[in-house]
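Listed features, source TrEMBL:
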{"type": "DOMAIN", "residues": "124-282", "note": "domain 'Aminopeptidase N-like N-terminal'"}
{"type": "DOMAIN", "residues": "323-365", "note": "domain 'Peptidase M1 membrane alanine aminopeptidase'"}
{"type": "DOMAIN", "residues": "366-491", "note": "domain 'Peptidase M1 membrane alanine aminopeptidase'"}
{"type": "DOMAIN", "residues": "499-612", "note": "domain 'Peptidase M1 alanyl aminopeptidase Ig-like fold'"}
{"type": "DOMAIN", "residues": "617-938", "note": "domain 'Peptidase M1 alanyl aminopeptidase C-terminal'"}
Amino acid sequence: MARLILPCKSSSLAKTSLSGFISSPIRATCRSSCVQNSSNNFFKYRHFLTSQAPLQRNYQFPYPSSYRAKETSRRFLCSVATETLPKQIEESKMDRPKEIFLKDYKLPDYYFDTVDLHFLLGEEKTIVNSKIIVFPRVEGSSSPLILDGQDQKLLSIKINKKELKEEDYHVDSRHLTLPTPPASTFTLEIVTEIYPQENTSLEGLSKSSGNFFTQCEAEGFRKITYYQDRPDIMAKYTCRIEADKSLYPLLLSNGNLIQQGELEDGKHYALWEDPFKKPCYLFALVAGQLEGRDDTFVTRSGRQVSLRIWTPAQDVPKTVHAMYALKAAMKWDEDVFGLEYDLDLFNIVAVPDFNMGAMENKSLNYFHNWTGNRVTCRDWFQLSLKEGLTVFRVQEFSSDMGSRAVKRIADVSRLRSSQFSQDAGPMAHPVRPHSYIKGAEVVRMYKTLLRSHGFRKGMDLYFKRHDGQAVTCEDFFAAMRDANDADFANFLLWYSQAGTPLVSVTSSYNAEAHTFSLKFSQEVPPTPGQPIKEPMFIPVAVGLLDSTGKDMPLSSVYQNGILQSLATNNQPVYTTVLRVTKKEEEFVFSDIFERPIPSLLRGYSAPIRLQSDLPIDDLYFLLAHDSDEFNRWEAGQVLARKLMLSLVSDFQETKPLQLYPKFVDGFRNILGDSSLDKEFIAKAITPPGEGEIMDMMEVADPDAVHAVRSFVRKQLASELRAEFLNAVKSNRSAEEYVFDHPNMARRTLKNIALAYLALLNDPELNELALHEYKTATNMTDQIAALAAIALNPGKTRDDILEDFYSKWQHDFLVVNKWFALQAMSNLPGNVKNVQNLLNHPAFDLRNPNKVYSLIGGFCGSPVNFHAIDGSGYRFLGELVVQLDKLNPQVASRMVSAFSRWRRYDETRQKLAKAQLEMILSSNGLSENVFEIASKSLAV
């Protein structure tokens, strides 16, 4: 049974103030800094400010067709454990974390109706006054009221205006307990003193770079005041903020601004009211010196909503597209889901550094407004409901704004690189509690099964039933089922079973009977704590191609003794969804008058690993003809994986490496197909990543995989040199910068082609890359040219890296890209360069975003992180221990790079294990790092 791991005592943290707070987002309409608006994992600020921002100011944003949803990795203090910790860990110098099981959930004994907060922000301390209307769940009961609280000083407590004596309550390092509160509704007033300047955890209220910010998800509100810090306690909030006006001219919180004014001694105040109930993890406060971009949006009912994006002054010009994207998202949500924004004001706050990457606070986010805030999660085991549903909605928005096929490819690539590798390791866990990416895939399966109309009916019922409530994954399931009178059989297993299902398909054609059969078998591999699995409910979208490459009409399918007609209103169907619910199942198509080539799992209709008996020639046929663009891409990826695995075997046996001519021809055909979206072409000519290939090996061999992928790319560059040169030259543009899908796709293809050519290290091509760098008019082109130049060591590389830094050293987001580009380099011995960059004046170990760029970037380089001499492992191990004293959440993300150490050869296993043991033996280790490191060793 899965469980949550929550800390049971304070971490031993160095009292070092952090230089930053909110992680760089805007995610246009995105969850960003504490008061940040937007959807879960959506348009990071760094994307808007750097990845497509022009270098000149004569640009325009006329068309929102190339939005990209960037899903950030957000680690909460709660995670999944699935088996008993080993003895060696139990004897560690720290206490074991507290285990919380889903089966132990109990309704709260008390609910809160309203919460009035009053903050007196000071330079050394902050005074927080809270006034809460409390009522018992069962009238007349007198259970103890237990409030969560950490790192604060209790100044006073009153019930119904009567101050309590010390014997009337109990306070410890984690809780404030009222043993005998009134048995009916009462008013609870608490005054506490907190110290944001010393809050290095960046949870609760923190101060950094001269500004105050909150980060309360998942359990940060308890560091602000004593409260029932759980998501099923929903109340209406008001928040009054008082501060020095010269230091903190901007005062923001949730909801609508009700009142503001001047006070004595140079202070001022702002009073905010949120008319909708919310849990405390959605509370937000920002105070400081930020400047804004203002706009308005008129809702479909005619209400005018004020829109504001707040950033440091120098970043305001970079928010043009963010505002455009926000308005497009609001309009899209009205059109597609009938969801209208419900407040008078919408704020986004985007600042350089923030622990969580982004937040979705009420009135300060967009796509989470309904799927996360208006309807939230009952407990943290249900986290994947609000996160997965919102990620899905963001994916759909991005697909509608740009290329649906390209967006789907990007999402599936992310799923495979992150979730599938996790599913195969010690951190494997079900979608519930907190698998955002896979959670979005589960939501997508509902839509696949019910189609757009049925899915919308389910969403409408979900909001009708649960608006203003804290709910469970079962509630969403029930709404989808009931709205469509649907039979979903064992669908809920997706929420409880860990691991990636492996589905095998065999096909056969009966020429006499004109039938075509598909036999499916499925298994879910054992994962920690779940050795035996039940068959899953897997929707498989299928089409059949004839010998000319056209989709064949599907009239009927026979399954389990039942013949089902597939035609709709006498109209032919070319794609149908097969429901695979058993361990073994067969589907037989009728009226098939020639042997077809099946297009399986169209649109990637389920998050599974698929194995089929399709021969190589059929895969090439699908690559050339499939009408489903995702499957066309997938056919190329399957071919590339087969080829690369074969070459890895050759490399290990010291055989010469050779590239199949047909494989090269396939790439040539795609490059020359003018009917294809240029961004799709760029995706199609990119071979699978090294991590994906290693995941398919019994014993991962980073050196062999890197050598093979390098060989494949360089050989393609050599044989397709003319085609790549043409792609670079024909996709240049000296015209005014425009951010739209056609231009973005053009740049993407040009830069992929340039990267291929740079692999040849030819003087003429090196000059080409240098020319592209010097003539670039936007950051996308310039940093792509820089990356191409950086592939080859030498003076030119060093000079251009220095030139880039000198030009952009005052833009923190661009500098982070500069760090990441060098950290991810596969040049031999790059660990020394990364070690040197730790001492660079622009790097700060206390800044989460810089850590993710440099140290996280290095972990993304298999050849150097997994260096056979152990230098990469030692580098990370030492840094994790340092980071843990500054920011345990960031350190826990970094240590997860060790989680699959058993996948490698004995030498690497020994080296990685030594670092995990060293980390666990460190004094004062935080619960965050302890959990990841101990689980990694336990399996």
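Cβ coordinates come from backbone N, Cα and C, glycine included.
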Considering only Cβ pairs within less than 8 angstroms, which of the stretches 124-282, 499-612, 617-938 has the most against the domain 'Peptidase M1 membrane alanine aminopeptidase' (366-491)? 617-938
Using DSSP three-state counts, the residues of the domain 'Peptidase M1 alanyl aminopeptidase Ig-like fold' (499-612) come to 0 helix, 60 strand, 54 coil
Model confidence for the domain 'Peptidase M1 alanyl aminopeptidase C-terminal' (617-938), as mean pLDDT, reads 95
In the domain 'Peptidase M1 membrane alanine aminopeptidase' (366-491), how many residues does DSSP put in helix, strand and coil? 85 helix, 6 strand, 35 coil
